[in-house]
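Participant: Before anything else, here's the structure in question.
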């Protein structure tokens, strides 16, 4: 039922309603007792309305016919608006029963007309929640003849909490719960005895919290009981909401101030923003334009009504035009309407009516709470498929009925940039960008411009931190340094020019002109006359204001004086009285004390205001150890925000290499908001206001709140595990670095340095960082990343003063024993039982004109002699001349004794190249050909660096007396290497080769035998691939050789002895014959092609002649040949080989060399560096292809690398490649940045149990830290992954089937060959191999990490292996194990 309905009774499910069988009326009998309150005189008469109680739990109510009242009955009875209140701890007394009116009441009420009654259940109340619930004033409309007899009581909705309004103010009602709170707004009755209650008995309930409010409780009479003389009229029970439209005439009559938007005037009372409170504090408003975002509501202000706009007149219909609603009495359980004369059942203490006992027993008194959609407010309690989402970066989750509501809510929370801050101005009503938000009286007013802001301020009579001349807003009280005291009032200005203009114009601000039209009848501020007379501060003489001399007074404000002499005399008098005055013990201002506090030591402290008392108490509790009192110090620090002086431990803010100090945490927070000190929070990764900066393992981490700091600490501690400790010296959370036991207590430290410093402090050997004295250091603070210790708070404050203004007396160190004794004496005096009063400090002298402090210095300190070197002789300066004298060596040169004035010869060595003959041993059969070969080599001049290096090696010939076959020097220019005869033995194909030679097959092509049955990589499936490299490389153009001759017949393929043992899992059987045959094909093509094109970096005037037999070449020759081979090799049809095919051919060449007992490794040895560089350039251009089944196509497989010993633990480089391959395959590290993030501290061994076989297996775990940040590259998607605390965990499980290829065994071998001090480091994983290490060496690696270029070359080759792209590879291996 709407609250504006007249003549009706509104009852909810919590309203006790007893309908008697003979009278259908609501009893007001003993209202006070029914809610466990005191008996009200209005209703507690002797037994006039008292009824007998029935002890039955369930009551039976009979419903009788009801007739509507006649609409034309006049009103004669007196009416009053009465308020009933009840306490919070009310309990229900008595039982509900059927109501039987007394005989006296029946006689007096005979013939009265019954009223229409509507009884709504709780569902009706919930359906009306969308209607307007907030009304500020309830004024009952009455006939003119009863106007003077009506008492108006205002009920403000501001006293209700938001939750309670939503819960209970949809339809007002009465509750019978024991802990409920009731407010009866209007109780209207036709009984004559009720109207005679005095007004003094009414209680005002404004400002009290309550759950429910009853707008009307009406006593209705029955038609059978007699007629009431004056009857009933609907207007007597109506509630009319009146609004006031301000006009010029109304303001003139009531004496209201100037134009005031948002005010309402009713019956002469001034209402501001919907409330009737007056302006107690002139600074009670807050401007949010500087500290709060414009589109965000100020925290802590929770008003029930929206932003007030200019009032508009609302048409109020008359009482006779308001319709009434029909009768609707339904069962609370089955919702069936109750017929006339039907028996109704009611439970004791409940307001619900039921049609039967079945409904009465099955009805639940407290229904389950309903869930509403956040956006559309739809009931979603029983709805399926609701959406729960976390929106607007909040910690709570919201529930929506559909995705459309979610989208609308997100759009509402995140509006577009253009309409981000557009709202309607309170003054002008324009929908535009808001510049100011003023919170006043629990109402937030939005103002679009400074013009509207000044109009609002002047209209409401608010005092603010604005310039008195131009009206410019000052962010804080300390921002306006230009202050004038005129007639005892302080006036602030933004600059000195405004001060001058204010003096000239005569104290009339210029911005008042904007609101002059609205200030016609205002008495708040009248313009003053030009040249106003002002009283001199010294002699109290009246002088013109602009002739006065201004000077800063002892309180820090500008004071006017008539002359300079008067100013000096007043200062002299004030200086004498100041020493005898009372000074505030906190801010040190000389003012009249408002508060006095007796401290535990018996001293009486004076304070100027309550703010100083609160700050002094808070800071004393923080700085006092174990609750002991600490006497205030004479040293004063200045807060960087409020500019007040204080003598306690300051709050420190380190920002942009500057340290700011504040008197309290509040000033520090306000300073951060005012100066926009924002940073990215280390935990939530959002740009917010800086809360605190904490060190973690020596790294400063900023946080936006205390919650983010605690959550980051938990993640950090969980990541380090048992190694995470808190350093006892620097108090940072870090990994355990040192441990020290002191007096039976084991203490942990981050480093040995902290351990040593803590030990010095513990044994009182450390010195104070201020006075440099040893002893007990009670205070400590972290200053610019270092811990500072001090004797007490006095030294701490002196240290902070030295940072702003250096003090020469504190820089002398511990040698100043007299100063140390003085410090100890002063401390002893302070702790005595009867401390003497401290001497009056010297008066601080300042220059009047420029306000600079005089610098006092000792002259002798800066006078030091200037030392100069001067020769004693008068002759010219002797210059020493050096004459070289060549003397052959070895010759004995006698050196005589000499004096300092004589010249003596000094021997100096000068190296001179001398040719020395060297005899080279050679076999007898080739000694005759050596001179001819040497002459031929000397005649060759090469411009290529590689060829020059190869030609210089021919001067050294190895001896091999057991050789039976002569090497043809003309066919091969280079025969030997530095190693000597060992390589010559390896190059003999007849004596050392264990693999049969491969016959040349010109048409043998690997890409024809193993075609690429795959789709071309396009834009549609490119996103399926992981990132291959950290950067993109352009494919270098390679020359094409000419096609020669017709196709030859295909020869049957030759298979090696290892082909039968190929792994069945490989897609392509590995055959080294493809590589050897490609080499022979390239050598033949190179010899026949006279126009061979080579790369610019490998060009030479005379190239090395190569042979088809690979075993006949030395290391240098193979390096040169393979470098050209990978760039010039072509398929038999003349097309280019794919990069994976070239890598496959090189692997075949390596297997052929290993099978022939050749110990060269073309992929690892330093002698093949040129070939490795050229091969890496080719492999960078490889792009994988996708097969129809979604897998990646590549001709290189993992089994090939194990067969040719590229993977394994037989050498340091091979072990390093194996770890790199396993990390790429199982950890899913596809970029160099991801490999560099690995460290010994993030990879650890772990035991895992198989849930099927219950067998424990060792595994390596790598937990990717969420604190590393997100890379620009794609996220890791491959590998075994587990979710623990939302952090990806990757594992490498032990391979029990083949221990030689087990990743856990390889990692353990790598740890055993690494230095022991690197096992726990967090910044290195891949180590540089030791150059001089052998296979039997205990340590293979150094402590230096591999460079980025080496890791990138390793990654290029690993990414060509097909097995790393198989997602199910590791899971299958795990199951088979």
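Each Cβ is built from the backbone N, Cα and C atoms, and glycine gets one as well.
Since we're looking at a predicted model, the values are computed, not measured.
Annotation comment: Swiss-Prot describes 85-115, 127-138, 153-164, 284-298 as compositional bias 'Polar residues'. Swiss-Prot lists 85-177, 273-305, 983-1002, 1028-1064 with the feature region 'Disordered'. The feature SUMO2 cross-link is assigned by Swiss-Prot to 98, 104, 147, 253, 366, 503, 529, 532, 603, 649, 688, 812 (among others). According to Swiss-Prot, the compositional bias 'Basic and acidic residues' annotation covers 139-152. What Swiss-Prot records for 159, 305, 838, 958, 1064 is phosphoserine, and it gives similarity to another entry as the kind of evidence. Annotated zinc finger per Swiss-Prot: 327-363, 369-409, 421-456, 463-502, 533-570, 636-671, 723-758, 764-799, in sequence order, evidence recorded as sequence analysis. For 1039-1050, the entry in Swiss-Prot reads compositional bias 'Basic residues'. Taken from Swiss-Prot, the feature phosphothreonine covers 1376, and the record attributes it to similarity to another entry.
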Participant: Can we call the zinc finger (636-671) and the zinc finger (327-363) in contact, meaning three or more C-beta pairs below 8 angstroms at a sequence separation of 6+?
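Facilitator: Stretch pair does not touch.
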Participant: Around the C-beta of residue 603 (SUMO2 cross-link), how many further C-beta atoms are within 10 angstroms, looking at every protein chain?
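Facilitator: Excluding its own Cβ, residue 603 (SUMO2 cross-link) sees 13 Cβ atoms within 10 Å.
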Participant: Quick one: of 503, 649, 688, which of the recorded sites has the smallest count of other CB atoms within 10 A?
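Facilitator: Fewest other Cβ atoms within 10 Å, among the recorded sites 503, 649, 688, is found for 688.
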Participant: By the DSSP assignment reduced to helix, strand and coil, which category contains residue 603 (SUMO2 cross-link)?
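Facilitator: Note: residue 603 (SUMO2 cross-link) is coil by DSSP, not helix or strand.
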Participant: Taking Cα atoms as reference points, rank the recorded sites 503, 649, 688 by distance from residue 603 (SUMO2 cross-link) and give the first.
Facilitator: 649
Participant: Would you list the DSSP helix, strand and coil counts for the residues of the zinc finger (764-799)?
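Facilitator: Looking at the zinc finger (764-799) with DSSP, the answer is 7 helix, 12 strand, 17 coil.
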Participant: Where does the mean pLDDT land for the zinc finger (421-456)?
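Facilitator: Its mean pLDDT is 83.
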Participant: Return only the integer: C-alpha distance in Å from residue 688 (SUMO2 cross-link) to residue 649 (SUMO2 cross-link).
Facilitator: 27
Participant: Taking only the Cα atoms, work out how far residue 503 (SUMO2 cross-link) lies from residue 649 (SUMO2 cross-link), in Å, as a whole number.
Facilitator: 42
